[in-house]
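See below for the structure under consideration.
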């Protein structure tokens, strides 16, 4: 296996493992829709199911097509990352980003297949502002996108 694939797959595997472990922990420890306050007025641990995308986008129970949309998006992202990893020049920022995005996409895809929804459990809020609950896979996707942008910026 070429080193670039090893790096991408190793990072993806780590994200998937941490994501699935933390979701299992949250689902078995935190009462659904109740949660625990960790830092009053700022951070709670919750146990919610999100049928939509990251941060609650399209989280509606009255539409079924979003399962297939997000399923197809995750599979397409993984296949695109594999293809781009083959053709990309060596760039640690790019390969780190690819691994994080791939791991996040697969982590959430596992939930979609198992539960038809994604387990979200990290809930941040301050004052009247509330950020939608999210999970480790969502963080992988967002941080991975940052690394890909950084790779593009550094390449110029």
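Numbering starts at 1 and runs along the chain as it is shown here.
Cβ from N, Cα, C; glycine included.
Outside the transmembrane segment (5-25) by six or more residues, the chain places 81, 85, 92, 95-96, 98-100, 102-104, 106-108, 110-111, 119, 121, 135-137, 140 with a CB less than 8 A from a CB of the stretch. Marked as transmembrane segment by Swiss-Prot: 5-25 (among others).
If you look up Swiss-Prot, you'll see 63-83 (among others) marked as transmembrane segment, on the strength of sequence analysis. Long-range contacts of the transmembrane segment (63-83) within the same chain: residues 8, 51-53, 98, 101-102, 105-106, 108-109, 112-113, 116, each at least 6 residues beyond the stretch ends and with a Cβ under 8 Å from a Cβ of the stretch.
Residues or ranges marked as transmembrane segment in Swiss-Prot (evidence: sequence analysis): 90-110 (among others). Listed by sequence, the residues of this chain that lie at least six past the ends of the transmembrane segment (90-110) yet keep a Cβ under 8 A from its Cβ atoms are 4, 7-16, 19-20, 23, 70-71, 73-75, 77-78, 81, 84, 118, 135-141, 143-151, 154-155.
Neighbour density for residue 120 (active site): within 10 A of its CB lie 25 other CB atoms from the protein chains shown. Taken from Swiss-Prot, the feature active site covers 120 (among others), and the record attributes it to sequence analysis.
The transmembrane segment annotation in Swiss-Prot covers 133-153 (among others) and is backed by sequence analysis. Panel annotation: around the transmembrane segment (133-153), residues 15-16, 18-19, 22-23, 46, 48, 50, 54-56, 91, 93-94, 96-108, 111, 118-123 of the same chain, lying at least six beyond its termini, place a Cβ under 8 Å from a Cβ of the stretch.
The active site annotation in Swiss-Prot covers 138 (among others) and is backed by sequence analysis. A 10 Å cutoff on Cβ-Cβ distances gives residue 138 (active site) a total of 22 other Cβ atoms nearby, all chains included.
Cα spacing between residue 138 (active site) and residue 120 (active site): 9 Å, rounded to the nearest whole number.
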